[in-house]
Amino acid sequence: MSTPTILVAGTPEALADIGTEFVPATTPAGPHLSALGIIRSEWIKLSTVRSTIWCFAVLLVVSMGLAAIMSLALDLTGTDITTVPGTDQARFVAQASSFGVFFGQLIVAVLGALAVTGEFTTGMIRSTLTAVPKRLPALWAKALVLFVATFVAGLVSNIAAYVVTVSIVSGQGLHASLFAPEVILPVLGGSLYLALVAVFALGIGTIVRSGAGSIAVALGVILLLPVVLQMIPATWASDVLPYLISSAGISMFGLMQFAKVPLDWSVDLIIVLVWVVVSLGTAAVLLKRRDA
Amino acid sequence: MIQAQSLTKRYGSKVAVDAIDFTIQPGTVTGLLGPNGAGKTTTMRMIVGLDRPDSGSVLVNGQRYQDLRAPLREVGVLLDAKAIHTGRSARNHLLAMAATHNIPKSRVDDVIELTGLTSVARKRVGGYSLGMGQRLGIAAALLGDPGILILDEPVNGLDPEGVQWVRKLMRHLAGEGRTVLLSSHLMSEMALTADHIIMLGRGRVIADAPVAEIIGQAGGATVRVRSPHATRLATLLAQAEVTVVNLEQDVLQITGITAAEIGDQAAAAGIVLHELTSVSASLEDAYMSLTRNEVEYRTGGTGDEEFDDDDSDTTDAATDAAANDDPDPRETELQEAAR
């Protein structure tokens with residue numbers, strides 16, 4: 001047996017004693033942990049797995065495809081297009097351009113869940129947490145990188161969908177600028193909602209830890225909960241409906257309304273943010289507390 | 001330098017690590033040895049903050065691992081080869097790890113070369129063999145050029161060449177003044193690599209001493225003597241530090257005196273010897289006898305059902321360890337190398 005070191009456990013003085021008595025507590029000079037480094041690390045991780053590439057590719061294709069279907073289905077026979085107000089034309093273009101978000105929310109939810117459950121199921125999380133032993137900086141960096149990447153991917157998909165829409169409906173004389181407020185706001189709002197859903201699912205993934213389990217929970221909340229509530233005939237069910245993450249998110253950029261009296265977009269945004277904060281906050285508490 | 005003080009970890013009602021104290025010195029290779037379930041991995045996980053101790057503390061260079069400013073550059077850790085995302089290439093994995101500490105790309109390429117992964121570095125880790133995964137884990141541990149290395153079963157899955165490479169690497173790193181802690185249940189490997197052994201059994205430190213001393217504790221060097229005048233010889237050799245055990249009618253097992261000394265004394269007294277053999281205990285003997293004692297102690301001490309179950313587990317683990325000697329050709333080779 002080696003001689004046990006006698007010291008008062010837990011006090012900073014005791015800890016300092018060990019440092020000076022045996023080895024000077026040397027932090028090697030040179031590179032060290034930094035917030036920027038952790039963010040860069042999370043970007044490398046997100047961009048070097050196939051699931052990310054696949055999810056964003058599917059998002060792009062689905063957005064463009066739905067825009068095409070919606071535009072081709074538009075039948076203006078018998079309508080004098082010159083009599084349709086510009087704002088109505090813009091609204092149609094905006095709907096077709098952002099329709100992909102309906103399905104996109106499911107795709108980015110899967111992406112968000114996989115971004116972290118992939119680490120838990122492969123054991124990668126242990127490498128992550130030994131590199132960032134305070135743990136939470138890794139979660140925040142992951143959330144930030146996922147948010148930005150998904151927002152950009154959503155924006156690209158929506159703009160691509162706009163291009164598809166315009167190129168089809170212009171044949172019928174319909175026109176709308178991308179930068180018309182009726183178009184650009186839904187395009188931006190839809191992308192913002194997608195990015196927030198991804199972060200929401202990231203939180204679920206961190207809580208549940210298994211890939212299949214967290215995808216089921218995230219999709220259940222986004223897809224199943226509104227359907228179930230709409231099937232319940234009680235008034236409370238229809239009262240609760242606008243406060244679901246997907247209802248608030250979809251109505252945020254004007255695609256559909258779920259409340260009897262439409263909520264202001266800022267209220268919708270706050271509702272979505274609350275869902276995200278609760279999910280990510282719970283994830284942070286559990287990540288910090290649990291053994292990895 | 002790693003220091004643990006009353007370090008304790010429970011999983012539910014089971015105590016995985018039971019108030020252990022140890023100090024791991026720089027410049028040596030320290031082996032953490034014990035049967036499966038002895039608490040080796042849990043101890044290592046607590047050192048790097050993956051598991052939170054229920055009580056007690058463990059400090060790395062005088063600080064909690066979580067408080068280090070550059071953890072990867074102070075401690076390199078290989079807990080299991082599977083701590084890597086299977087969908088990513090080795091190089092991207094190492095780049096992501098390096099990025100957290102702003103470690104330059106050139107260092108990533110250096111450790112890839114050092115561990116012999118250059119040809120597969122851009123392939124996805126999912127397709128790696130156990131040995132390649134192990135090399136990648138070692139590359140990740142070396143990434144920050146750390147002063148402390150913690151490696152859980154580093155030779156697991158490596159071919160004989162790889163085993164020898166790891167052994168040399170560990171010796172070399174300790175020679176540079178680094179602290180090296182490695183765990184294994186391969187006694188022969190430990191005997192070749194480690195200077196110092198901390199033996200764990202059922203979450204407690206059973207032994208903490210230099211390798212030679214541990215072997216000594218298991219009886220040290222014994223001498224086997226066959227003589228028609230065994231009784232006379234036993235009387236002749238009777239001294240304070242000499243132990244004589246009468247194995248058979250004319251066979252003695254003697255400790256505390258060398259074979260040469262016995263031969264000299266017997267010749268002087270005119271005693272005929274038919275056999276005089278030096279039998280040195282191995283680390284394996286020490287391990288078996290120490291872990292067996294632990295089991296017996298526990299059984300005698302309590303005897304309730306829970307402990308009975310645990311005892312059978314430990315016995316199984318010991319049997320596993322013993323079984324490791326034969327069926328696996330790689331390990332047989334190691335055993336032979338050790339002898």
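Heads up, the Cβ atoms here are built off N, Cα and C, so glycines get one too.
In TrEMBL, annotation is done automatically, which means it is predicted and not curated.
On a predicted model such as this, the values are computed, not experimentally measured, just so you know.
The following features are taken from TrEMBL:
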TRANSMEM  A:53-74  transmembrane segment
TRANSMEM  A:94-118  transmembrane segment
TRANSMEM  A:139-163  transmembrane segment
TRANSMEM  A:183-208  transmembrane segment
TRANSMEM  A:215-234  transmembrane segment
TRANSMEM  A:265-287  transmembrane segment
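Take the transmembrane segment (A:183-208) and the stretches A:94-118, A:139-163, A:215-234, A:265-287: counting Cβ pairs under 8 Å, A:94-118 has the most.
Long-range neighbours of the transmembrane segment (A:139-163) within the same chain, counting only residues 6 or more positions beyond its ends whose Cβ lies under 8 Å from a Cβ of the stretch, are 35, 38-39, 41-43, 45-47, 52, 56, 59-60, 62-64, 66-67, 93, 96-101, 104, 108, 111-112, 115-116, 178, 183, 187-188, 190-192, 194-199, 202-203, 206, 280, 283-284, 287. The listed stretches are A:53-74, A:94-118, A:265-287; of these, A:94-118 has the most Cβ pairs under 8 Å to the transmembrane segment (A:215-234).
If one looks beyond the transmembrane segment (A:94-118) by at least 6 residues along the same chain, the residues whose Cβ comes under 8 Å of a Cβ in the stretch are 46, 49, 51-52, 55-56, 58-59, 62-67, 70-71, 124-125, 142, 146, 150, 153-154, 157-159, 161-162, 165, 169, 176, 182-183, 185-187, 189-190, 193-195, 197-202, 204-206, 208-211, 214-215, 218-219, 222-223, 246, 249-250, 253-255.
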